[in-house]
Amino acid sequence: MARRHLTHPLHLPLLSRNPLAPTRRALCASPTPDAPAPAAEAPVEGADPSPAAPSNPPRREEPLHETVLHMIRRRQWTTRLENSIRLLSPTLDAPLVHAVISGAAAEGRADLALQFFRFAYRRAGFRPGSDTFALLVPALASRRMLNHARCLVLDTMPSFSLAPDEPTLAALIAAYGKAAIPQEAVKLFRMMPDLGIPRTALSYNAVLKAILCRGREAMARRIYNAMIAEGVAPDLSTYNTLIWGFGLCKKMETAVRVFGEMKGHGVTPDATTYNTLLNAWVRAGDLENARKVFDEMTGEGIERNSVSYNVMIKGYVEAKRVDEAVALFAEMGEKGLRLSEKTFAALMPGLCDDQGRVAEARKAVDDMAERRLTPKDKSVFLRLVRTLCTAGDLDGALEVHRKSSQFKHFLVDPRQYGVLMEGLCSGGKCGSAVEVLDELMEKGTLLSPKSPVLEPSAYNPVIEYLCNNGSTNKAETFFRQLMKKGVDDKAAFNSLIRGHAKEGVPEAAQEILAIMTRREVPTDPESHTLLVDSFLKKNDPAEAKTALDGMMQQGHLPSPALFKSVMEALFNDGRIQTASRVMKSMIEKGVTENMDMAHKILEALFMRGHVEEAIGRVNLMVENGCTPDLDKLLVGLCENDRVMEAQKLSDFALDRDFDVSFSTYDRVLEALYTEEKTLPAYSMLCKIKNKGGIVNQKGCDTLMASLKSEGYSKQADILSRILAENAPSTSKRGKRVAMGA
């Protein structure tokens, strides 16, 4: 069984007393009308005659509806909250409910107003009237809670035997129009006769505006004709709405006809009517007719106001007729008309885009600052800063930028920072560009999802400057913010790699390179070269080799000097096989330089016993047209007592008919004789004789004796026959076998 939560009055000492009830102290302090006033006490002899210090002023009692509003605003709606409201007011009367609904609606919390209304009539016994719904429905409609408002009108009100009035439905129809749902507005409008609500100009105006917002001018004409047919007299708001809507659809003939019908129906146009028609002509791009309407206003006794001038100034600026716009602006000042934010917003684009009017534009900015007008259009300052930068007035651009940052509640467009940084870098003021960048990053404007992305020409110069002047970390922080906006700029990535490499932080550069690889951004060979050199300077040849491999994977060919640097670093670090792999990549890429380094690596491989790998490298070099000096290599191996390695290399050379001197082979045979390697020497000697080579007869005799003594009589007989068949030549010079392969 669920546990019941009981609320005792003692649990809520602050809420158990009605704040409107007088306190006990107040009752005691206030005399009744019938009671005599207490006599004044006589002053005590010797006492200070000065007046006594005033007591604390009495505490102002908070109205009950404000207390309820505070409670429902701060606390979650639960049964405990409802009990607390009942303790404050056991019965909820209409003034209290209306005050709470009005207060919540004024704060934009129509949801709280609806929640309190439901509690009042469902659990507190409150019976709403038409005036209650007249308060609640417009509040819900203004906050786009249209389904709730519709249910109240069509379901809840009939349950209380109440019929909605026309203003309530007109507010709901207008809300559907603002929400771009004209079909629902038309349904409600057509439903009014069924609900017994007569339609007047109020509801007609609401539905006309709702459908004209979506450009349905044909339907608007039908509804207007039906309005005339039903005998509903259009009022001034009706004609203003029609002229506005037809102008919005650029149906100027219809708008002018409606304007003419006004006078026929006895409706006198006012300033709003003329301004609406004026704006329609400007929107249509017909400034001649707009000017006629503008001049006609004075003749009709209509005083032209700030709105009239703002519309004409905007039209002239859009038509590139800035002189006439400036003249109207000056005329406004002469007449003492109020210059609003919209006035400057209409004029400034014309001043900002013209280099010849930069001084006027800056003066207008100063005027806005003095009047404390905050422009809503961010492009005003952006255009002015761009024009100043194009004109080469960088100090003026900086001053305008600083003033734009001083306007209250004005967020500077990130593109303005970009234009300014680009102009400063182009003008050689990179230090000032960095200061602008610091301001941009400090405000965090780029992190906003709605902020536009900067152009590459704006951020690349400052990133390059930072990377070239030891501030690559700051440049990377800035660029990572751009990366969150989807920027994958090749130039910026490569600048970061070069910057980190120059500053001796190759790990950071390698991380940037990995990001580029993941995002498939093309890399720059110079960046890879700097990264490899950075690892070499840091005495880390293994990472240098990794960076070199990455460079080749990206399709870049390292220079011969870079190959040599990496091979030397690996060789000196004792990483012979790793250096051998770099040598292999170099030869496969067609780089045939650095053969001196390749010879050292081959010799080291043989010396360490990596014979198969060394022979494979020799074969690769021969196939690519860069045959190593095998004579020198074989002699070196013999001198270092690496006889078996020399014998294997000799067999490989004999099998492939490589260009090796027979005297070198003799040197290898002598080493084999000395080491008593009888069978390897026999095999090598047979190959030499088969090639027609000349060998030392004394050594051959010694070898045959060794074979016989070791029990290899068959091999000794074969060698004897070979020597007999291939008599030695009379020439004393050793023959060389032509190169094969």
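Backbone N, Cα and C define each Cβ position, glycine as well.
Feature list (source: TrEMBL):
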REGION    25-64  region 'Disordered'
COMPBIAS  29-50  compositional bias 'Low complexity'
REPEAT    165-199  repeat 'PPR'
REPEAT    200-234  repeat 'PPR'
REPEAT    235-269  repeat 'PPR'
REPEAT    270-304  repeat 'PPR'
REPEAT    305-339  repeat 'PPR'
REPEAT    340-375  repeat 'PPR'
REPEAT    413-447  repeat 'PPR'
REPEAT    455-489  repeat 'PPR'
DOMAIN    501-616  domain 'Pentatricopeptide repeat-containing protein-mitochondrial'
REPEAT    524-558  repeat 'PPR'
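Sequence-distant neighbours of the repeat 'PPR' (270-304) (same chain, 6+ residues past either end, Cβ-Cβ under 8 Å): 236, 239-240, 243-244, 246-248, 250, 252, 255-256, 259, 262, 311-312, 314-316, 318-319, 321. Sequence-distant contacts of the repeat 'PPR' (455-489) (same chain, at least 6 residues past either end, Cβ-Cβ under 8 Å): 415, 417-419, 421-422, 425-426, 430, 433-434, 437, 441, 446-447, 495-496, 498-500, 502-503, 505, 508, 512, 515, 519, 521. Predicted-model confidence for the repeat 'PPR' (455-489) is 92, expressed as mean pLDDT.
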